Amino acid sequence: MAHKAGFVNIIGNPNVGKSTLMNAFIGERLSIITSKAQTTRHRILGIVNGEDFQVILSDTPGIIKPAYQLQESMMDFVKSAFEDADILLYLVELGEKDLKDEAFFEKIKNAKIPVLLLINKIDKGNEEKLTEALQMWQEKVPNAEIFAISALENFGVSEVFKRIIEVLPESPAFYPKDQLTDKPERFFVNETIREKILMHYKKEIPYSVEIDTEEFFEDDDIIRIRSVIMVERETQKGIIIGHKGSALKRVGVEARKDLEKFFGKQIHLETYVKVNKNWRSDDRQLKRFGYNK
Ligand code: GDP
Ligand code: K
Ligand code: MG
């Protein structure tokens with residue numbers, strides 16, 4: 001059989017399970033997953049290699065109407081997902097009725113490439129609801145091929161993957177076959193710390209935070225990491241650190257454990273908090289954190 005390779009982009013509303021699906025395909029915790037919207041800020045490539053195929057998946061932030069500069073940059077990642085895809089995976093969840101953004105919806109319906117519409121979270125519903133959803137989506141997006149899945153319970157995921165391989169174009173591999181992702185190690189450190197912050201702090205705190213890993217030094221038996229947690233205001237710094245440093249300590253301990261699993265090595269992780277006013281609306285700063293093209 002000829003070698004197949006191509007780009008498969010996952011799009012959809014926030015919280016429908018895009019990152020969970022991506023990780024189900026990859027089999028690693030590549031994308032961070034939480035129950036909060038906007039957990040995924042960047043596009044993330046994940047690569048699944050086989051002897052005669054290479055599937056390059058990209059997970060995107062959920063589609064939203066941008067309210068500030070950071071969100072506009074996030075939506076640029078989504079736009080670019082249309083431009084370089086060979087296959088679109090349009091993910092919806094059971095019970096969902098439409099896409100937050102009409103223009104994106106039109107793009108999906110008029111896509112020149114194969115669209116697989118995946119109805120996710122079917123573990124949460126019953127047969128009646130599923131039949132209803134199948135009918136509705138078939139009418140709304142006639143160009144799509146529809147699958148019912150549960151990314152969380154890994155149900156129907158391998159069928160989707162099989163279909164991806166079938167419709168993937170013939171092509172040599174784009175990346176070395178032993179490569180799992182295009183993101184540097186520091187990116188995973190940042191995302192892991194940000195996940196812990198999303199889990200442990202309330203309200204607007206997580207959305208005002210950016211992580212910058214200043215040092216990543218890999219030795220024979222240990223990796224030494226130093227990361228800055230950037231916040232916008234002095235008060236947020238206090239909240240992140242917590243009483244006698246207890247809150248920050250918890251973030252550090254939990255992130256270190258995950259990173260040790262991910263890298264398979266002992267980790268020394270140092271975290272500190274810095275106030276960096278208005279990083280979310282400053283073009284130059286956004287660029288530095290990898291948001292602008
Ligand atoms: P994203 O914003 O689209 O990337 O969504 P996430 O992958 O971050 O998932 C959002 C939430 O939905 C998390 O709490 C997931 O555990 C949950 N979730 C994802 N897939 C499923 C599924 O198939 N069934 C159920 N019940 N929950 C799911
Ligand atoms: K999410
Ligand atoms: Mg996500």
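Here the Cβ of each residue, glycine as well, is placed from N, Cα and C on the backbone.
Noted in TrEMBL for the protein shown:
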BINDING   12-19, 59-63, 120-123  GTP binding site
DOMAIN    4-170  domain 'Era-type G'
DOMAIN    193-277  domain 'KH type-2'
REGION    12-19  region 'G1'
REGION    38-42  region 'G2'
REGION    59-62  region 'G3'
REGION    120-123  region 'G4'
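Everything TrEMBL records as a feature, shown here on the structure.
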residue: Gly12; record: GTP binding site; DSSP (3 states): strand
residue: Lys18; record: GTP binding site; DSSP (3 states): helix
residue: Thr60; record: GTP binding site; DSSP (3 states): coil
residue: Ile122; record: GTP binding site; DSSP (3 states): helix
Contacting binding-site residues, sequence order - Asn15, Thr60, Ile122 vs ligand 1, Cβ under 6 Å: Asn15
Close approaches to the region 'G4' (120-123) from elsewhere in its chain (Cβ under 8 angstroms; 6 or more beyond its ends): 16-17, 21, 91-94, 130, 148-153, 155-156
Binding-site residues close to ligand 3 - of Gly12, Thr60, Ile122, only those whose C-beta is under 6 Å away: none
Listed binding-site residues adjacent to ligand 2, that is, members of Asn15, Thr60, Ile122 whose C-beta is under 6 A away: Asn15
Fewest Cβ neighbours within 10 Å, where candidates are the binding-site residues Asn15, Thr60: Asn15
Within the predicted model, mean pLDDT of the region 'G2' (38-42): 54
Listed in sequence order, residues with CB under 8 A of Ile122 (GTP binding site) and six or more positions away: Leu94, Leu130, Ala148, Ile149, Ser150, Phe155, Gly156
DSSP-assigned states of the domain 'KH type-2' (193-277) in counts, ordered helix, strand, coil: 40 helix, 29 strand, 16 coil
Cβ neighbour count within 10 Å of Lys18 (GTP binding site): 29
